Amino acid sequence: LKCNKLVPLFYKTCPAGKNLCYKMFMVSNKMVPVKRGCIDVCPKSSLLVKYVCCNTDRCN
């Protein structure tokens, strides 16, 4: 699986066991992702932070 880094022009290949891509936003500013990368379990969103996870190459 390949996941975009913070700047979507760049990506990395996820290590074994991390088979989801994610991006994280501040709820107050959904237009600007704060983090992107590989993850094993999608974190729950909170009042301040929203996570979006997916499982195809460079989907984040």
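Using the three backbone atoms N, Cα and C, a Cβ is placed for every residue, glycine included.
What you see is a predicted model, and the numbers here were worked out from it, not measured in a lab.
Marked as disulfide bond by Swiss-Prot: Cys3-Cys21 (among others). In the three-state DSSP scheme, Cys21 (disulfide bond) is classed as strand. Applying an 8 A CB threshold to same-chain residues 6+ apart, the list for Cys21 (disulfide bond) reads Leu1, Cys3, Asn4, Cys14, Arg36, Gly37, Cys38, Ile39, Cys53, Cys54, Asn55, Thr56, Arg58, Cys59, Asn60.
Around the Cβ of Cys14 (disulfide bond), 18 further Cβ atoms fall within 10 Å across all displayed protein chains. The feature disulfide bond is assigned by Swiss-Prot to Cys14-Cys38 (among others).
Cys42 (disulfide bond) carries neither a helix nor a strand DSSP state and counts as coil. The number of other Cβ atoms within 10 Å of the Cβ belonging to Cys42 (disulfide bond), over all protein chains shown, comes to 14. If you look up Swiss-Prot, you'll see Cys42-Cys53 (among others) marked as disulfide bond.
Cys59 (disulfide bond) falls outside any helix or strand according to DSSP and counts as coil. Feature annotation from Swiss-Prot assigns disulfide bond to Cys54-Cys59 (among others); the stated evidence is experimental evidence.
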Among Cys3, Cys38, Cys54 [disulfide-bonded residues], residue with fewest other Cβ within 10 Å: Cys54
